[in-house]
Ligand SMILES: *[C@@H]1O[C@H](CO)[C@@H](O)[C@H](O)[C@H]1NC(C)=O
Ligand SMILES: *[C@@H]1O[C@H](CO)[C@@H](O)[C@H](O)[C@H]1NC(C)=O
């Protein structure tokens, strides 16, 4: 095989690696949610703390906003609240909507002006509120309301909160961590939300980092590493280069994968109410299998060892199983994201490209092997190579 063909192969692989990544820096997890009431909201934002989301439709003609505040995860032993506070980014002065489940199982939602001594007694707010109701299902609490805004309230501060119930009524929320930082601004007309910390929610950011690390590590580099091993091996000129390429690919993939796995565990432990057990279990299985694969390198028999063939069988089975499971789990991950279709589309594109490259290389390899075998038969096995599907007898095969 000549150098030109090998260069073309690398070019092909390079093309796959540089496929355009999704450019949405501010992916919002709130997009694409269908509410039980079939209500559709044109604006939504991931609030930066307490894994909460705000959805709304703003009607400029009468300055009203239909809103939904969604807290996930939560439980029926908690109350949730969302408020506008034109007086500042703090609790005191908040014009709050409060909801919780009563002991007989019905949800209650009411308005409460919150003073410096937070009792959350029902009372009317400084602006009109109608259609107020709340629902609880699947560990999520949602408050729906229509707000009568005015010019001062169009772009103002918002505060949201969660706390425990005690004796069937709201008691004080935790006074540390995220519960003290759940403030920001909201602009109903332009649809922008900020937090005092600025930028998008740290949780959404960590989720994106988790997805990117795992997608690139498990979902792209590992298949490329397998393609390298399977198809470059057949070219005598690429020996032992293919081996080092394969190893480098898988080492980087493993490093990214383990980092991504770690961020996943952290995300999981930070949201105790939510359990994506399938995604999590496949992730744990993947990590174990990949680690086994790395350890097995140490136990790799020498090329002339009679157990070498079993080791290779093991190595290939686990390797392909990892790739299949990785792809399955990446799609499980997309499901968790609730319809962030840009990432999903981009990844489907990458998978199709990788599959097409593998298919072309597979055909190509067989042509070469068949042709080589023919010429080797006529040459009476002069160079003694047994090239069936690329499993040449090299030191690294
Ligand atoms: C405000 O306007 C919207 C859309 O024009 C309408 O659907 C809604 O009923 C109005 N709300 C009130 C309180 O008039
Ligand atoms: C549940 O309790 C509340 C308050 O005591 C009451 O207003 C409501 O009607 C009750 N709901 C049902 C279904 O019994």
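Backbone N, Cα and C atoms are what each Cβ position is placed from, and that goes for glycine too.
Summarising the annotation, TrEMBL assigns signal peptide to 1-25.
The feature domain 'DOMON' is assigned by TrEMBL to 50-163. Across the domain 'DOMON' (50-163), the prediction's mean pLDDT works out to 91.
Look at TrEMBL and you will find 177-370 tagged as domain 'Cytochrome b561'.
Look at TrEMBL and you will find 210, 246, 279, 315 tagged as heme b binding site. The number of other Cβ atoms within 10 Å of the Cβ belonging to residue 279 (heme b binding site), over all protein chains shown, comes to 20.
Residues annotated as transmembrane segment in TrEMBL: 211-229 (among others).
Summarising the annotation, TrEMBL assigns transmembrane segment to 241-262 (among others).
Counting same-chain residues at least six beyond the ends of the transmembrane segment (282-301), those with a Cβ under 8 angstroms from any Cβ of the stretch are 218, 250, 254, 257-258, 261, 264, 307-308, 311, 314-315, 318-319, 321-322, 325-326, 328-329, 332. The transmembrane segment feature in TrEMBL is assigned to 282-301 (among others).
The transmembrane segment annotation in TrEMBL covers 313-334 (among others). If one looks beyond the transmembrane segment (313-334) by at least 6 residues along the same chain, the residues whose Cβ comes under 8 Å of a Cβ in the stretch are 211, 214-215, 218-219, 222-223, 226, 276, 278-279, 282-283, 285-286, 289-290, 292-293, 296, 340, 343-344, 347, 351.
Per TrEMBL, transmembrane segment is recorded for 346-370 (among others).
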Counts of helix, strand and coil residues, the domain 'DOMON' (50-163), according to DSSP: 4 helix, 65 strand, 45 coil
Other parts of the chain folded back onto the transmembrane segment (211-229), taken as Cβ under 8 Å at six or more residues beyond its ends: 13, 16-17, 242-243, 245-246, 249-250, 252-261, 263-264, 286, 319-320, 322-323, 326-327, 329-330, 333, 337, 343, 347, 350-351, 354, 357-358, 361
Neighbour-count leader, CB within 10 A, binding-site residues: 210, 315: 210
